[in-house]
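K.L.:
The structure that follows is given in the form of structure tokens.
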Amino acid sequence: SQYSAVDTNPLSVYIMQPIWNKIIKIVPLWIAPNLLTFSGFVMILVNYFLISFYDWDYTASGTSPGLVPTWVWLFSAFTTFCAYALDSIDGKHARRTQSSTPLGELFDHGLDSWATSIFVLSFFSVCSRDNGKTGVSVYTMYIYLSIVLFNFMCSHWEKYNTGVLFLPWVYDISQVVLIAAYLLTGALGVEVWQKPFLFGYYITDALVILLIGFSLFLSFPQTLYNIHRAHLKKTLKNESLYEGLLPLVSPLLLFVLLTVWVVLSPSNILAKQPRLFLWMVGVAFSNVICKVIICQMSSTRPERFHWFLFPLALVVYAAISGLLGWTEEAVLAVLTALVTAAHVHFGVCVGRQLSEHLNIYIFSLKKRVQE
């Protein structure tokens, strides 16, 4: 199916696109678009692990400001901008080098589905977790992450039903806000987040309220409206309601299982290991969404239950029934490692299959020689 995307965000159209059009001219024509996509993702990862090193449990900014060196925040602003730029120019570069392929589309959206959670998890280090005076509670972090992932899921669910990807306005806005937040933290220190700035509210409160507002009152209604419009125009991919809603079953069940674990965990697992738990949420979600993206691209029907729901259900049951006892954290660590390994393995396999099927290299524009 031909890739089609619509971007109506004024920030993107009038400010960012002209910048990307200038940057794209510097990129040598021999560079493969997927290499741009992947480099951006690697930068996000490096940044995430760097912040994790200084702030494993999200307390650094709240307890002793200065634990995370200033250069780390400035580096975060730099890597976020680079990743944003690379993610915005990879498609333009593909068209420029006449190398647009389904592999590139899947590579781009698949990595985006993972990067989305990593952006959010890196940002939590700026606000730090609740210490009684300032910061955000780990539950707020979990809800915040879930809403961001829900938004991401909606645009791909919408594309699954309409065949068109409406780029959510939230994306460009969130990237610019992230970069500004890191620059602000680098310039003024984390203290800037710990003083009320309006009517006793903190900047972090404002950001949470903005995000929830944007999602519930802009993104989600827009998705439903676009699907409704396609229904009226008779351009829907799936005529039956069941088929149309099928991709939502696994992500929603995933969310329900994870939330049950968060709420009923005897050892309060989210408070004990927020970084591990939230990372696992992001990876599991990315894998579920990648399957939806593949179904939507290949016009195949998504499976009703993603395989990961079964082991997760077992672990959640064992945890909340007290069977795991003191091993709950260790089991979470093993589960997180397994899910991450499975996701990477899945990505590598799909990439190789597509590159063989389409007879192209993933990271090079050279043509493969027919065997």
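Here the Cβ of each residue, glycine as well, is placed from N, Cα and C on the backbone.
Pulled these from TrEMBL:
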type	residues	note
TRANSMEM	26-50	transmembrane segment
TRANSMEM	70-86	transmembrane segment
TRANSMEM	136-154	transmembrane segment
TRANSMEM	166-187	transmembrane segment
TRANSMEM	199-220	transmembrane segment
TRANSMEM	241-264	transmembrane segment
TRANSMEM	276-294	transmembrane segment
TRANSMEM	306-324	transmembrane segment
TRANSMEM	330-350	transmembrane segment
K.L.:
Where else in the chain does the transmembrane segment (136-154) make close Cβ contacts, counting only residues six or more beyond its ends and a cut-off under 8 Å?
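P.N.:
For the transmembrane segment (136-154), the sequence-distant neighbours (Cβ-Cβ under 8 Å, at least 6 residues beyond its ends) are 58, 112-113, 116-117, 120-121, 124, 127-130, 168, 170, 174, 204, 208, 211-212, 215, 219-220, 223, 248, 251, 255, 259, 262, 270-271, 274, 277-278, 281-282, 285, 289, 292.
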K.L.:
Cβ pairs under 8 Å only, please: of the recorded stretches 70-86, 166-187, 241-264, 330-350, which one is richest in them relative to the transmembrane segment (306-324)?
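P.N.:
Ranked by Cβ pairs under 8 Å, first place goes to 241-264.
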K.L.:
Cβ pairs under 8 Å with the transmembrane segment (70-86): which stretch of 166-187, 241-264, 330-350 has the most?
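P.N.:
The stretch with the most contacts is 166-187.
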